[in-house]
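Trainee: From TrEMBL, here are the annotated features:
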type	residues	note
BINDING	53, 122	Fe-coproporphyrin III binding site
BINDING	181, 262	Fe(2+) binding site
Ligand SMILES: CC1=C(CCC(=O)O)c2cc3nc(cc4[nH]c(cc5[nH]c(cc1n2)c(C)c5CCC(=O)O)c(CCC(=O)O)c4C)C(CCC(=O)O)=C3C
Ligand SMILES: [Fe+2]
C-alpha cells in the first residue's frame, strides 16, 4: 500500500499567444535535429490559430474534471499541473508542491504510450525537475495506459460517431485510418511504440466497426528528410486510398489524448485539405479529451498503484498491462 498526497498532471505545453510561438518552438527543439525551415512552417500552424495552442486549455479542463471526479469519489488529493515546454513549467510546479509540503505524488502524463517521446522523455523531465528543487517530493509516473478500457472506450465511441457523420451511402465501405505522431526509427522504444499502436488499433477497429478495412499511419514528422521516421504518412496514405477507389475515410487520432495542434492543424486542416482535393469524404474522430471514462481512468490508475502489486490492472488487446517502471530498452532515458 503506497499512499500519495498529490496528483501531478504532466503535459507538453503550448503557446498562449503569437509572442510565445517562437520561444515555445525553441524550447521543444533545443538540442534536437529539427531544420529551421520546419520550425518556420510549424510556427505558421500556430499563427493560423492566433498563436494559441489548444493544449493548455485542454489541460485546464482535464485538471478540473479530475478534481471533480476525485471529490465525487471521496478522494481528497490536490491536483497540480506542469509542462515540459511552456508555463506552467514542471520545475516551477514541483517547487510549489515542495512548498506546499507534498511528500509523494503520482504523475499522470498526457501521453498514453511507451517509447522515448511518449514515456521516457517525460520521465527525464520529472527527474530533471526534481533535481532542481531542494526537498522535491517523490514522483511516481503512473503506468502507460493506451490499452486501458478508459482510453479505448472513448475512441470506440468516437469512431462510431465519425462513421455516422459520413453520408449514409459511403459508410459501409469507409476506410479507418488510425494515426499517431511519427518518431525517428532510431528513437529508443520505437518498436514498442509502434507495436502498442498496432495492437490497440485492432481493438478499437474490431469494437467500433468490425469488417471495415483499417490501417495504422503516422503524421507530423519533422527532422531532416535524410533521417528515416515511422511511415506511411497520413497524406500519402489518403492518396493511395483514393488511387485504390476508396470513397470515404474516418481518421482516428489514436496516438493522442486531446485535440491539440497536431490534431487541429495536421489532421483538420492539412489532411482534410488533401482529402477534399481528392474528393475523398473525410471525418475525424474525437480524442478522449475529458470523456468521463478517460477521467475516471486517471483515478483508477492512481488507486491501482496505491493498492500495490496485487491489484487488478485492466488492459485490452494482446500485450497486457505495462509494468509501472518501463523496461530499460523501451522508454530508456537519454541522460
Ligand atoms: C510521439 C510524440 C507525441 C505524442 C506523445 C505526446 O503527446 O507527448 C508528440 C506530441 C506533441 N508534439 C507537439 C508539438 C511538437 N512536436 C515537435 C517535434 C517532435 N515531436 C515528436 C514526437 C511526438 N510529439 C518528435 C520525435 C519530434 C521531433 C523533435 C524531438 O525529438 O523532440 C515540435 C517541433 C516542430 C516539429 O518538428 O513539428 C512541436 C511543435 C505537441 C503540442 C501540440 C500543441 O501545441 O497543441 C504534442 C502534444
Ligand atoms: Fe511532437
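Heads up, residue numbers simply count up from 1 along the chain you see.
Positions of Cβ are set from backbone N, Cα and C atoms, glycine also.
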Trainee: Taking the Cβ of residue 53 (Fe-coproporphyrin III binding site) as the centre, count every other Cβ atom within 10 Å, in any protein chain shown.
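Mentor: Result for residue 53 (Fe-coproporphyrin III binding site): 25 other Cβ atoms within 10 Å.
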Trainee: Long-range neighbours only, meaning 6 or more apart in sequence with Cβ under 8 Å: which ones does residue 122 (Fe-coproporphyrin III binding site) have?
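Mentor: Once residues fewer than 6 apart are set aside, residue 122 (Fe-coproporphyrin III binding site) is near 10, 84, 107, 109, 111, 141.
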Trainee: By a simple count, how many Cβ atoms lie within 10 Å of the Cβ of residue 262 (Fe(2+) binding site), its own Cβ left out?
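Mentor: 22, counting other Cβ atoms within 10 Å of residue 262 (Fe(2+) binding site).
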Trainee: Three states by DSSP: which one describes residue 181 (Fe(2+) binding site)?
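Mentor: Reduced to three states, the DSSP call for residue 181 (Fe(2+) binding site) is strand.
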Trainee: How many other Cβ atoms sit within 10 Å of the Cβ of residue 181 (Fe(2+) binding site)?
Mentor: 23
Trainee: I'd like to know which of the binding-site residues listed (53, 122, 181) lie near ligand 1, counting only a CB under 6 Å away.
Mentor: 53, 181
Trainee: For residue 122 (Fe-coproporphyrin III binding site), just give me the three-state DSSP call.
Mentor: helix
Trainee: Using DSSP with the three-state reduction, classify residue 262 (Fe(2+) binding site) as helix, strand or coil.
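Mentor: Once the DSSP labels are grouped into three classes, residue 262 (Fe(2+) binding site) ends up as helix.
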Trainee: Could you measure between residue 181 (Fe(2+) binding site) and residue 53 (Fe-coproporphyrin III binding site) for me? Cα positions, answer in whole angstrom.
Mentor: 17
Trainee: Take the C-alpha atoms of residue 262 (Fe(2+) binding site) and residue 53 (Fe-coproporphyrin III binding site) and report the distance between them in angstrom, rounded.
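Mentor: If we compare the Cα positions of residue 262 (Fe(2+) binding site) and residue 53 (Fe-coproporphyrin III binding site), the gap is 10 Å.
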Trainee: Using DSSP and collapsing to three states, where does residue 53 (Fe-coproporphyrin III binding site) fall: helix, strand or coil?
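Mentor: In three-state terms, residue 53 (Fe-coproporphyrin III binding site) counts as coil.
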